[in-house]
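A.B. asks: OK, Swiss-Prot features for this one:
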type: BINDING; residues: Asp10, Ser11, Tyr42, Gly43, Asn74, Thr75, Thr184, His185; note: substrate binding site
type: ACT_SITE; residues: Cys73; note: active site, proton donor/acceptor
type: ACT_SITE; residues: Cys183; note: active site, proton donor/acceptor
Amino acid sequence: MDNRPIGLLDSGVGGLTVARELLRQLPNEEIVYIGDTRRAPYGPRSREQIIAFTWDMVNFLLSKDVKMIVMACNTATAMALEIVKEKLDIPVIGVILPGASSAIQKTKTNKIGVIATQASIRSDEYHKTIARKSSAVEVYSLACPKFVSIVESNEMESEIARKVVSESLVPLIGKVDTLILGCTHYPLLRSLIQETMGKEVRLIDSGAEAVRDISVLLNYFSINGQERQPLEHRFYTTAGVNSFREIAEKWLNIGQLQIEHTEIENFNKEK
């Protein structure tokens, strides 16, 4: 047993979709969450910037004595997961492999779509991961850079969101039977995405799929949390505490959240 918290990192509020599923599936686990909202979105950034920003978040979480780090951000996973895993002696998990594996299991036509940030699409990590597991699958990748901004500005239910989603997804309509939401912000637009793609298309939430792997790792390393009350979940953001709180409280549907502003730039530097 290990009652230390699990650390989650994201470029903003998107990783809350992973946090929600983690809290639902693993009720004995405390979490520490860092959202780098000030420097979001990560999608247009260079690989070097994304790696540096990810290290800032990793080192911040290490300062909170976490027992595991979840890269609840597809862009960070694509660019920095293997680099970080090599340097740390605690488990580190990303969201790409779980999402890809689930999509392969669910597709009936072997035609899978991936929507993600520009950086994730450029990295081609989803395509490469799927190809390693199944040579029969065709992958259709599409960058949807406007989606993150809509979520970060809390406009998920606006007419602007509906218009942007419907126009952005046109290249994939009718081509795939399974669609990976390859950015943890995107499940916050799930209803609009489903409406646009059609009810017959299966949507894969990569973050939610990752929680199943988190549970496996907790058991494997014997670091599960004990049943206890109360649990102290802590959330940190580098900008916009009020908007972060509004989205977090609505999405997580739990009482008073402990949310603080923090600075992480060049935090403790890379080891």
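Using N, Cα and C of the backbone, Cβ positions are placed for all residues, glycine too.
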A.B. asks: When you look at Asp10, Ser11, Tyr42, Gly43, Asn74, Thr75, Thr184, His185, which the record names as binding substrate, what is the longest CA to CA distance in angstrom?
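C.D. replies: About 12 Å separates the two most distant Cα atoms.
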A.B. asks: Rounded to an integer, what is the Cα-Cα distance in Å between Cys183 (active site, proton donor/acceptor) and Asn74 (substrate binding site)?
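C.D. replies: Answer for this pair: 5 Å between alpha carbons.
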A.B. asks: Just to be sure I understand the packing, how many Cβ atoms besides its own are within 10 Å of the Cβ of His185 (substrate binding site)?
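C.D. replies: There are 31 such Cβ atoms around His185 (substrate binding site).
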A.B. asks: When DSSP states are folded down to helix, strand and coil, where does His185 (substrate binding site) land?
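C.D. replies: Going by the DSSP assignment, His185 (substrate binding site) belongs to neither helix nor strand, so it counts as coil.
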A.B. asks: Which residues does Gly43 (substrate binding site) neighbour through Cβ under 8 Å, counting only same-chain ones at least six apart?
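C.D. replies: Gly43 (substrate binding site) has long-range Cβ partners Thr75, Ala116, Thr117, Gln118, Ala119, Ser120, Ala143, Pro145, Val148, Cys183.
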A.B. asks: In this structure, which of the recorded positions Asp10, Cys73, Cys183 has the fewest other Cβ atoms within 10 Å of its Cβ?
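C.D. replies: Asp10, out of the recorded positions Asp10, Cys73, Cys183, has the fewest neighbouring Cβ atoms within 10 Å.
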A.B. asks: At a 10 Å cut-off from the C-beta of Ser11 (substrate binding site), count the other C-beta atoms across all protein chains.
C.D. replies: 32
A.B. asks: Around the substrate site recorded as Asp10, Ser11, Tyr42, Gly43, Asn74, Thr75, Thr184, His185, what other same-chain residues have a C-beta within 8 angstroms of the site's C-beta center?
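C.D. replies: Neighbours found: Gly12, Gly14, Gly15, Ala40, Pro41, Cys73, Ala76, Thr117, Ser120, Val148, Cys183.
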A.B. asks: Around the C-beta of Tyr42 (substrate binding site), how many further C-beta atoms are within 10 angstroms, looking at every protein chain?
C.D. replies: 27
A.B. asks: May I ask for the distance between Asp10 (substrate binding site) and Cys73 (active site, proton donor/acceptor), taken between their Cα atoms and rounded to an integer number of Å?
C.D. replies: 5
A.B. asks: Using a Cβ-Cβ cut-off under 8 angstroms and a sequence gap of six or more, which residues of the chain neighbour Asn74 (substrate binding site)?
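C.D. replies: Correct list: Gly94, Val95, Ile96, Ala116, Thr117, Ser120, Gly182, Cys183, Thr184, Ser206.
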